[in-house]
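Participant: Quick one: structure below, then a few questions.
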Amino acid sequence: MDPPVDLKVVKQDILAGIVECEKRCLLQCTKWLAELNHGLADTPVELRGNSAFENVHSGIEASEYDSYLLAKSYFLVREYDRSAYFTRNCLSPVPKFLHLYATYMSKEKKRLDNMTDSSVVSSVSHAKDFAELLSILRTEHSKDSLDGYCLYLYGVILKKLDLNDIAVRVFVEAINAEPTLWSAWLELAPLVNDKRMLEGLKLPNHWMKSIFEGYTYIELFQNDEGIKIFENLQKNGFGKCIFIPTLLAIAYSNKRDVDRSIDIFQHLQSVDPYRLDNLDSYSNLLFVKDMKTEMSHLAHKVVEINKYSPETCCVVGNYYSIRSDHYKAVMYFQRALKLNPRYLSAWTLMGHEFMEMKNTNAAIQSYRQAVEVNKRDFRAWYGLGQAYEILKMTFYSLYYYKAAQQLRPYDSRMLVALGETYEKLNKVADALKCYQKAYNVGDIEGVALYSMAKLYEKQGETEKAIPAFLKFCSDEKLIADKASLCHAYMTLGNYYEKIEDLDKASYFAYKCLDYEEMKREAESLLKSIANKRAHKATTSAAAAASNPSGAGKSTEEEKPTPEGVPAETYGEDMDMDETNLSKRIEVAMAEEEEEQEEEAGTSELAESSDMPEFHMEDSYDVNE
């Protein structure tokens with residue numbers, strides 16, 4: 001759906017949402033709405049007498065107002081138990097929500113603190129922790145006495161208990177009740193499994209729906225759909241809202257358009273220089289491009305802003321990783337997880353570092369925690385596949401690669417990894433399908449054709465392997481692995497030498513001379529080609545020399561004298577060896593010296609216009 005043209009209505013909704021979220025201490029949602037509101041600064045709204053500000057005290061009974069203010073102040077300084085205690089008897093909507101939310105936050109904080117001690121994300125104790133709170137909310141929900149904010153909290157607890165189907169229904173209820181509650185949209189997005197499910201949700205016809213759909217498409221790695229929505233939002237007045245370009249940068253990053261993504265992040269840095277959100281994604285892009293100087297500047301900058309935020313620790317970890325100081329990188333990723341045990345990037349990146357350090361078991365542990373936090377993290381599934389591949393546990397590896405490929409169906413890296421695993425399990429047909437699909441979707445690493453050709457070669461299907469090798473070699477500048485390129489050239493050279501196409505064989509053999517590891521083999525092949533050429537030339541010469549008259553006769557029969565060409569010229573053209581002919585003539589002249597004079601014999605030969613009368617084979621064959 002297109003966003004409404006009237007941005008004044010949008011801004012009025014945002015201001016109302018900010019007031020309601022702020023009253024209930026939903027700090028992240030308040031921050032998000034405030035950023036969105038700032039992006040619409042050019043849209044004027046009358047603040048005096050604004051209905052949003054008239055609701056600042058609504059939902060709070062006068063008799064409960066003092067208790068509410070005290071509880072709110074405790075909540076803001078993270079004294080959740082005290083906040084819950086002083087609102088325990090409140091019945092009006094806002095203090096009631098604050099009591100339930102403070103109770104939830106207290107349980108969650110204690111659980112995360114315990115998790116930090118063990119460095120393991122676990123959901124085992126969730127049911128016990130939230131049993132009482134769940135019971136209250138379930139009872140209230142059955143009576144239809146929960147407002148949109150309490151429904152959101154109920155959905156969060158259901159989601160933590162992995163009751164996802166019920167959670168989806170509850171979040172949809174919450175969104176319909178309070179469309180500007182971004183936290184509810186955000187919690188719903190990871191529960192949407194595919195485009196069909198997204199289209200089937202009964203969401204309100206509200207301008208927030210477009211933002212949610214764009215965000216969810218990018219979560220589902222359907223980046224083109226997401227980019228289309230966000231670009232449309234930018235055209236319709238949301239261009240200065242910092243959230244929109246951030247999501248575009250992530251979408252371009254998913255599409256491997258790294259340069260464009262980096263440009264957007266750099267623009268965001270100039271607009272909001274103290275922003276830490278999503279800087280871990282930016283540092284990942286700098287790592288991919290090996291931009292060490294920019295990474296160093298970014299690391300120093302975030303440390304100055306906030307030394308002890310998870311995002312800062314993650315950026316510094318990437319900084320040490322790009323310098324190949326893997327031990328320090330792990331230390332900073334662990335520090336990020338102490339600050340936030342559910343910080344997804346840190347778990348995944350720490351797994352990568354452990355792989356670099358050859359600590360496979362620790363890597364598996366990290367990747368498993370990443371999957372526990374977010375089952376959509378394809379990097380963690382792919383990392384698990386690699387780890388089990390190193391441990392030679394091929395069936396485990398296949399399972400995890402399949403999971404990664406399902407999340408990224410058009411990523412050639414997943415398909416190639418899957419193909420290699422099928423190949424190890426001798427499932428040749430499946431492996432070839434994977435390699436073929438990887439090539440069709442756009443082979444990022446440029447190895448799919450080579451792997452396919454090698455598999456055909458291994459199966460003895462040389463006729464199928466050769467076209468694949470030729471395609472692979474068609475643009476040698478794009479191929480990073482020169483050993484593979486050299487092997488392909490050598491295989492092609494040997495093949496063409498075998499089928500006697502010596503020119504092509506020679507071409508590919510000369511290509512191999514540029515590579516030291518194949519130089520000897522290439523020289524050997526070139527010698528073999530030279531020998532074959534010499535043998536061919538010798539055989540042709542020997543055949544001609546052994547029966548020159550026959551050759552002349554055959555040629556004479558096939559090509560009669562053309563009209564207008566003198567017989568003498570034609571005769572000279574047919575003679576294979578002029579030197580031998582002159583010797584034969586001298587012998588003939590010596591033998592017939594008594595019978596004829598030399599001038600007469602010469603004249604007879606010169607004037608003779610009928611070739612069959614010149615019996616070379618009978619009178620002058622010196623070979624006999």
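Glycine is treated like the rest: Cβ placed from N, Cα and C.
Automatic, uncurated: that is what TrEMBL annotation is.
Okay, these came from TrEMBL:
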type     : residues : note
COMPBIAS : 589-601  : compositional bias 'Acidic residues'
DOMAIN   : 11-235   : domain 'Cdc23'
REGION   : 538-624  : region 'Disordered'
REPEAT   : 310-343  : repeat 'TPR'
REPEAT   : 344-377  : repeat 'TPR'
REPEAT   : 412-445  : repeat 'TPR'
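Help me picture these features in the structure, burial and contacts included.
Facilitator: On the 0 to 100 pLDDT scale, the model's mean across the domain 'Cdc23' (11-235) is 89.
Taking Cβ pairs closer than 8 Å, the repeat 'TPR' (344-377) reaches residues 120-123, 190, 219, 280-281, 284, 310, 313-314, 317-318, 321, 324, 326-327, 329-330, 333-334, 336-337, 383-384, 386-388, 390-391, 407 in its own chain, all 6 or more past its ends.
Residues in the repeat 'TPR' (412-445) partition by DSSP class (helix H, G, I; strand E, B; coil) as 26 helix, 0 strand, 8 coil.
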Participant: For the repeat 'TPR' (344-377), DSSP counts of helix, strand and coil?
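Facilitator: With helix first, then strand, then coil, the repeat 'TPR' (344-377) has 27 helix, 0 strand, 7 coil.
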